Amino acid sequence: MFTDKLAPSILAADYANFETELKRIDASGSEYVHIDIMDGHFVPNISFGADVVASMRPHSKLVFDCHLMVSNPEQYIESFARAGADIMTIHVEATPHIHGALQKIKAAGMKAGVVLNPGTPVASITHVLELVDQVLIMTVNPGFGGQAFIPEMLEKIEEIAKLREQKGLAFDIEVDGGIDDQTIALTKKAGANVFVAGSYVFKGDVAKRVATLREALNG
Ligand code: DX5
Ligand code: ZN
């Protein structure tokens, strides 16, 4: 039921060549392109916004998995829908109105995701789980690529997977941060099925690295 999906993060790609980088991701057989949006406020780094996503859209048929590390994400829902985002995932820590914001994402025609920072408990999203298509468990602190995987997050993945089963829900569980050919298998075992990888994929030959991740998943 929960099929594995690989989501290379364009944050680790060459920003002057998005078209080429998107083609490399397409050719690797990945399911998603993970697109990290940072506002320099919610996280101490700036990446790019909806207009850049709109420019990327004609160059890829893959699912655009947009991860918004921004304060008050509700103000960007319309612009991301127009830009061609398929999934819009927002941080529970970034808005006092998480329930309403998720409703608005769905009303705008996108899939809705909610994301937890490493220090944020699963209990903070218990009452919005019925609304979401995806729960993203951060396995590093958001803001930068290339950080080390936080092993304590495996327990959190197990906790959300158990809660999903208890509630009879069907959202995907995504992990993001420090995912490589070793950590990916640990997160799958804990219950994740969508795997974001930035530096691991782009530090080598994209197609080969994605194939290695796939092998690690299939044991
Ligand atoms: C971190 C971002 C990640 C990042 C992951 O804030 O949300 O998506 O690209 O990068 P790696 O895989 O290098 O940890
Ligand atoms: Zn991300």
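Backbone N, Cα and C define each Cβ position, glycine as well.
Predicted, not measured: the structure shown is a model, and the values here were computed from it.
Annotation source TrEMBL lists substrate binding site at SER9, HIS67, GLY143, PHE144, GLY145, GLY146, ASP176, GLY177, GLY178, GLY198, SER199. The C-beta environment of SER199 (substrate binding site), restricted to residues of the same chain at least 6 apart in sequence and closer than 8 Å, consists of ALA12, GLY145, GLY146.
Among the features that TrEMBL reports, divalent metal cation binding site is placed at HIS34, ASP36, HIS67, ASP176. Secondary structure at ASP176 (substrate binding site), as computed by DSSP, is strand.
The Cβ neighbour count for ASP36 (divalent metal cation binding site), using a 10 Å radius over every protein chain in view, is 24. Feature annotation from TrEMBL assigns active site, proton acceptor to ASP36.
Residues or ranges marked as active site, proton donor in TrEMBL: ASP176.
GLY145 (substrate binding site) falls outside any helix or strand according to DSSP and counts as coil. Proximity to ligand 2 at the level of Cβ atoms, with a cut-off under 6 angstroms, picks out HIS67 from the binding-site residues HIS67, GLY143, GLY178.
Taking the centroid of the Cβ atoms of HIS34, ASP36, HIS67, ASP176 as the divalent metal cation site, the other same-chain residues with Cβ within 8 Å of it are ALA7, SER9, LEU11, ILE35, ASP65, CYS66, THR89, LEU136, VAL196, GLY198.
The CA atom of ASP36 (divalent metal cation binding site) is located 7 Å away from the CA atom of SER9 (substrate binding site).
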